[in-house]
Amino acid sequence: MAILSFIGRVFFVSVFVLSAYQEFSEFGSDGGPAAKALGPKFNVLSKHVATHIGFELPHVEMKHLILGAIVLKSLGSLLFIFGSSVGALLLLIHQAVASPVLYDFYNYDVDKKEFVQLFFKFSQNLALLGALLFFIGMKNSMPRRSSSSSSKKKGPKAKAN
């Protein structure tokens, strides 16, 4: 049963590993195509935050954001494969932060082709987020095994007359 769980985690994490590898291989000195695609979306998000919340987001180099995403996905994936809740939490943070920025369907009209494409991708990432939450919940709901001999169950004692 443990091997099936391990294989399932490997398949699940392959989504994150492959995207991190692609971003890393195209990274270059300027952050690659991911930084060019993220730049305008991050600027729109910054304007939304400044307008609605009144908080000015600091200027950040896009290549640093891409590098942070690569590190989060890589480290989170490695830890998640071995069953760590910390790895799932790192992947959860990445999904929660990156999905609304990358798949900004809310900036398009419902009739537009871009809305449907972005909403579909956002929904897929939402499913990954739900799976990570499920893993964390299941991991925390399972009783922990203790290795000490005093906690092992002992059979009933015979009554002494």
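The chain as shown is numbered from 1 upward.
Cβ coordinates come from backbone N, Cα and C, glycine included.
TrEMBL lists 1-22 with the feature signal peptide.
When Cβ-Cβ distances below 8 Å are used as the criterion, the transmembrane segment (65-98) is approached by residues 5-6, 9-10, 12-13, 16-17, 19-20, 23-24, 27, 31-32, 34-35, 38, 42, 125, 128-129, 132-133, 135-136, 139-140 of the same chain, each at least six residues removed from its ends. Here TrEMBL flags 65-98 (among others) as transmembrane segment.
Residues 12, 15, 80, 85, 88-89, 91-92, 95-96, 98-100, 102-105, 108 of the same chain, all 6+ positions outside the transmembrane segment (118-138), place their C-beta atoms under 8 angstroms from a C-beta of that stretch. Summarising the annotation, TrEMBL assigns transmembrane segment to 118-138 (among others).
If you look up TrEMBL, you'll see 142-161 marked as region 'Disordered'.
According to TrEMBL, the feature compositional bias 'Basic residues' maps to 151-161.
Below 8 angstroms of C-beta separation, residues 69-70, 73-74, 76-77, 80-81, 83, 91, 94, 128, 131 of the same chain, each at least six residues beyond the ends of the signal peptide (1-22), sit close to that stretch.
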